[in-house]
Amino acid sequence: MSSAHFNRGPAYGLSAEVKNKLAQKYDHQREQELREWIEGVTGRRIGSNFMDGLKDGIILCEFINKLQPGSVKKVNESTQNWHQLENIGNFIKAITKYGVKPHDIFEANDLFENTNHTQVQSTLLALASMAKTKGNKVNVGVKYAEKQERRFEPEKLREGRNIIGLQMGTNKFASQQGMTAYGTRRHLYDPKLGTDQPLDQATISLQMGTNKGASQAGMTAPGTKRQIFEPGLGMEHCDTLNVSLQMGSNKGASQRGMTVYGLPRQVYDPKYCLTPEYPELDEPTHNHHPHNYYNSA
């Protein structure tokens, strides 16, 4: 295989648009800061093109070995493509063990095939931030916050359950004292003032509105008969056995002779059918009378 790097064809359409947006996020000032930091740690010159100088992975492997000795056991000086890709892969594994988060690390092709230089720069900035937390004097990136663990006794934790934290807001010394359930009566009197006791529960207070003397006396359940006479006037009671015209008329019909739903219905009239005769005990069993048939549906 030749020593030339892999070359991709030009990007078109959406791929070109995405590549241009990523390129616009690249910070050249940060690049200069990273160049000075890496060259100062390794003692090697990167070259005029920053990304091309890091593409073989040699400087990157030496750089992580300076920050964390023994991170990369073998650095390939060969110009073959697979050796250079191996160097980049070893660098990625080393910074992962160093503490850089996986979502901050670039892929090998982002650098080797020039697909995403912005992500490569972000990885180096994340490495600088991690180096600061380990005591290295770096002027690039921001220092990660150190973990501050606190241990509390179980008694102290139980006491905290009785306190409303300011995170939840403050009740301003308000309480639910004197509050009643939703929908119940509210009495507008103060027992300390010696005022009269509230009305009995059978009276509707004016706070709830007024019924204007109306009551539910004489009201019946929905669907039942409504008597249209007044007993106080001496009127006669309505006959409850008859269907009043207020409910409509049955035109003299009744349920007499009706059977339960599903039973057989007799379709003969006894006036036109002979009564069956049965032989007496002393008579012969044969009867010459015509048979009577009972037809049923």
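Note that the numbers count up from 1, one per residue, in the order the chain is shown.
Placement of Cβ uses the backbone N, Cα and C atoms for every residue, glycine included.
Swiss-Prot lists 28-131 with the feature domain 'Calponin-homology (CH)', giving sequence analysis as the kind of evidence.
Annotation source Swiss-Prot lists phosphoserine at Ser48 (among others), citing a large-scale study or a structure entry. Other C-beta atoms found within 10 angstroms of the C-beta of Ser48 (phosphoserine) number 7, with every protein chain shown included.
If you look up Swiss-Prot, you'll see 164-189 marked as repeat 'Calponin-like 1'.
The phosphothreonine feature in Swiss-Prot is assigned to Thr170 (among others).
The phosphoserine feature in Swiss-Prot is assigned to Ser175 (among others). The DSSP secondary structure for Ser175 (phosphoserine) is coil.
DSSP assigns Thr180 (phosphothreonine) to coil, not to a helix or a strand. Look at Swiss-Prot and you will find Thr180 (among others) tagged as phosphothreonine, backed by similarity to another entry.
The phosphothreonine annotation in Swiss-Prot covers Thr184 (among others), and the record cites similarity to another entry as its basis.
Annotated repeat 'Calponin-like 2' per Swiss-Prot: 204-229, in sequence order.
Confidence for the repeat 'Calponin-like 3' (243-268), expressed as mean pLDDT, is 65. Swiss-Prot lists 243-268 with the feature repeat 'Calponin-like 3'.
Annotation comment: Swiss-Prot describes Thr259 (among others) as phosphothreonine, evidence class similarity to another entry.
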Distance from Ser48 (phosphoserine) back to Ser175 (phosphoserine), taken between C-alpha atoms, in Å: 72
Packing count at Thr180 (phosphothreonine) (other Cβ atoms within 10 Å of its Cβ): 10
Ser175 (phosphoserine), number of other Cβ atoms within 10 Å: 7
